[in-house]
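What TrEMBL says about this one:
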{"type": "SIGNAL", "residues": "1-22", "note": "signal peptide"}
{"type": "DOMAIN", "residues": "216-331", "note": "domain 'DOMON'"}
{"type": "DOMAIN", "residues": "336-535", "note": "domain 'Cytochrome b561'"}
{"type": "TRANSMEM", "residues": "376-396", "note": "transmembrane segment"}
{"type": "TRANSMEM", "residues": "417-436", "note": "transmembrane segment"}
{"type": "TRANSMEM", "residues": "448-467", "note": "transmembrane segment"}
{"type": "TRANSMEM", "residues": "479-501", "note": "transmembrane segment"}
{"type": "TRANSMEM", "residues": "513-532", "note": "transmembrane segment"}
{"type": "TRANSMEM", "residues": "570-590", "note": "transmembrane segment"}
Amino acid sequence: MELPDLAFAVWMFICFYASVNGYPSGKVREACTSMIPCHGSSPQLLPEHTITVNWTEFKPGDNIEVHLSGPDFEGFFIQARDAEHLDSSAVGSFMLVDRRLSQLLTCGHTKNSAVSHTSKTKKKYIKVYWIAPGNAPKRVQFLATVVKKYKTFWVKIPGPIVSQPNVPSPTTPLHVTSEAMSTSHLISYLSKPFNASGCGSMKFCIRNPSNCDPESASCFFLSFQQEKGLVFIEMSGPSEGYLAFALSHDQWMGGDDAYLCVNEDHHVYVSTAYLKGRSPPVLYSENALEDVSWRLVDGVLQCSFRRSIRLPAYKGRFNLDGSYYIFLADGEASEGGLIYKHRRQPLITNGMYNVTGLPQDIGGSRSPRLIKAHGALMFVAWITAVSIGVIVARFFKPVWSHSFLFGKEMWFQVHRILMLTTVMFTSMSFVLPFIYRGGWSHQAGFHPYLGCTVMALTIVQPLMAGFRPSRHAPRRQLFNWFHWSAGTTARILAVVTMFLGMDLPALDLPDPWDTYTMIGFVVWHVGIDVLLEIHSYCLVRKVEVIEDDRIQILQSLTSAEAEGRLFKQIVLTIYVCGNIVFLFAFLAAINQI
């Protein structure tokens, strides 16, 4: 496709000044609109590669195989667009077949609306699936940009056009032959997404985030509505693999009644299963579900079905008029329907609920309360108590040397109270994960090892302080060095441990917010430390000038420190307020998960 001279010149200008050197990793979101790689040369005119599909017609929710093939190529970029307006935004979403060769990208507001390469590895053939959205235009055309070498590439290679005929009735049944389902059951396609109307008044709903709209691409939704002797169940959430919920007598996996909506070979099947410990679910040969329907559009998987409140003929199945903890999980599934362990903690209700009782609209948590408490106590100890205690001991000895608290110098008492608070909170926090796990966690990486090291140093510090030599003793300098070294090491390791712990599945604070906020705290602390160091240096320089005039150095130092008292107290006040802001930000994030 030949570009107009002016447009091509502008494109070359942007690429040159942006210093773009290509996209070997396939992260080509900058090219979402133009589909032009910024490689500093003009595209080829006659394409060598072809795009093919397995169907020429589609309806919402259909999956169409898209193939890109030809001579060896390093990179590619595939989109589907309105055939009547090829300059418009991408249409629909894609699913991958081989994650080693291809990856999903989000162009515009549509998740997974483009596919690109993962590396410069030479390839001859790419296969993906395009999922038709509910609002697709009448005709859709596939386009591809292919990079053979850095300066040899083709832009917007035209592919086949698929069209949407008159949409059939949404209740047109599709016969299912999954082993986990009875072949006598019919599955229908949902023409519209679920909605939250009636939540809390007519049906029992679980939503995450709270009060989210199930039509949203980030909303996990589960509802139960009683209909005489049946319960109508809706489940929805962003997932390309599976969604599942389970009824449990406790907040641990095992001995639970589970229901799975699995994307198997690009059709959604609903199965029932028994959860035995942390092993893969054991599927029932008969699921006793009725009126099964599903929808898979723009990365959001939805399914609904009806189930009798009581199933006396099915051993191991729970009655729906009892009270249970409710789990809601998502994860990946292979093409054969094999499901993988969920990468993050499932959403778990905070109490036991009867879904056929009083309708409610509730949320849940992906983090157990013990782990939340563990994180909160560590943040209080190492973001607030330790940081303020160190600043006080380092810079406020001269300022508060003549002020006393409980018979001791104020700076020392404040420092000691904050450090003992740290020891107490760290010790309390340390035991909580062991109580939750019932032992050592082998899946938490370096976090528990570093945590144990921090705990050991936290205990060593007060023990070492108990044997502190007198101020003028010969070993006082040695004690000061060891005390400072152990404390500084503990602080550094504590920050690293918190960095690692924030992204563990049991806590999993919002990413990348958690990383940026922790980096902000470190920068804030270092910045205040440097500011006070510079201030102290300036005072010492002032003392040296006074010393040149033959005035006693100790008297001069006292005078100079007195002059800086107000400045240091203002800085300390600002620092304490800043630390409290960081602390409340982390505590609010913990409360939201």
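Glycine residues also receive a Cβ, built from the backbone N, Cα and C atoms like all the rest.
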Are there residues at least six beyond either end of the transmembrane segment (513-532) with Cβ under 8 Å to its Cβ atoms? List them, or say none. 383, 387, 391, 394-395, 495, 498-499, 502-503, 568, 571, 574-575, 578-579, 582, 585-586, 589
Outside the transmembrane segment (479-501), six or more residues from its ends: residues with CB under 8 Å to it: 375, 378-379, 382, 386-387, 390, 444-447, 450-451, 453-454, 457-458, 460-461, 464-465, 467-469, 507, 515, 518, 522
For the transmembrane segment (570-590), give me same-chain residues lying six or more residues beyond its boundaries with a C-beta closer than 8 angstroms to one of its C-beta atoms, as numbers and ranges. 367, 372, 375-376, 379-380, 383-384, 387-388, 391-392, 396, 507, 509-510, 513-514, 517, 520-521, 524, 528, 531-532, 535
Please work out the mean pLDDT for the residues of the domain 'Cytochrome b561' (336-535). 89
